[in-house]
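Working notes, beginning with the structure itself.
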């Protein structure tokens, strides 16, 4: 583990950890059994059915396209794909080079199913696959999200003595295997590179680093990074110089396991090397701070980004805002929210609801936040956001606490009209607040609206408050009416109307 990375022999690179998996054996599909000379039969790459070449092979391909759905929904396809399909229909494939050109064109156009079907008709043209054909097939399998098939094609290609693919093909396959968590197979492909003397690039190593972190092998990834750095310092091979993606891959691994401080050390090291951290690099640490319950440290990171002319993006701000809300740092969250609006970002609806709930709850003790709660609520209303029931009730409570009873009344009525069911507590504080301001008519209207739906949302507190206030104002008939409504709905008020 202490020896430097070899420059041109990836197979001698010590694995960052020892694999304990049993040796795997692969059964090559008959798809790969393309003989050096044209045969009379070929197995379809997609159906595993035998296709007998016809002397009218060009007509056969036209039939596949026009009748068997070889090119479905043709009118929705790009002009380049239509041109490729036209070449197949017209039978304009006279050489293997032309076949490879069409095959590659379909793969690059993301028409991988069509490309696979075209490959299955290879022998119809009396051609034998060459190294380029197999390289394109590997690329096609990767685009079909089938890395194991791509690996089998690659192994068959090497064992059959064909010229090895370019490093880009190896890297693409390694990357897909790592994304699937098939790290053992990824390093097997990496060893093949060494056997065929195909020098890896830093992109190849980056894929392996991300793969190690993806499966939680963070220590091994960090050791792997150390060897890459040591090899580069000794050989000064530009292809192996660690880049910002190299560091970001390991930093992301550290942050995912709660080791943001070590990720920050790597960030500083990358800066000392003259690398420019990307937005993704910084966002990785934001996410780490959030997971570790240290969102306030994100402000220092935000400042560093600005000082280094790396403008924070929406992900930067929203990750920081989410972390602050999650850990109860409401005032700091408001600060980030306002900065986002000033920068031109729209906070998403879910985050706005979370922010509104947090501000309203905190405003019970910190009255200066009431105005902020009103501003957030107004912004959500202006944007047409769906306000969840809990946030709606909390903002109504905030209006009551701020003596904004008219707004509390309007929004409570709106909530009831939307067929949302406010809690008894919310109804009681609105009725009480309206009565305190001697707005009996509005308090009675709340009673009417609620009783039309269900009286279960009311308890005797609201009825007592109404009866007490109507008695105080000498509205005996109204008090009697309220009392009768309470009894009719199964509620026995403590207060009674005056006689």
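Placement of Cβ uses the backbone N, Cα and C atoms for every residue, glycine included.
As recorded in TrEMBL, the features of this protein are as follows:
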{"type": "REPEAT", "residues": "130-164", "note": "repeat 'PPR'"}
{"type": "REPEAT", "residues": "166-200", "note": "repeat 'PPR'"}
{"type": "REPEAT", "residues": "201-231", "note": "repeat 'PPR'"}
{"type": "REPEAT", "residues": "243-277", "note": "repeat 'PPR'"}
{"type": "REPEAT", "residues": "278-312", "note": "repeat 'PPR'"}
{"type": "REPEAT", "residues": "313-347", "note": "repeat 'PPR'"}
{"type": "DOMAIN", "residues": "371-483", "note": "domain 'Pentatricopeptide repeat-containing protein-mitochondrial'"}
{"type": "REPEAT", "residues": "388-422", "note": "repeat 'PPR'"}
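Helix first, then strand, then coil: DSSP counts for the repeat 'PPR' (388-422) stand at 26 helix, 0 strand, 9 coil. Same-chain neighbours of the repeat 'PPR' (278-312): 244, 247-248, 251-252, 254-256, 258-260, 263-264, 267, 270-271, 319-320, 322-324, 326-327, 329, 332, 343, counting only residues six or more beyond its ends whose CB sits under 8 Å from a CB of the stretch. Averaged across the repeat 'PPR' (166-200), pLDDT in this predicted model comes to 94. Taken residue by residue, the repeat 'PPR' (243-277) breaks down under DSSP into 26 helix, 0 strand, 9 coil.
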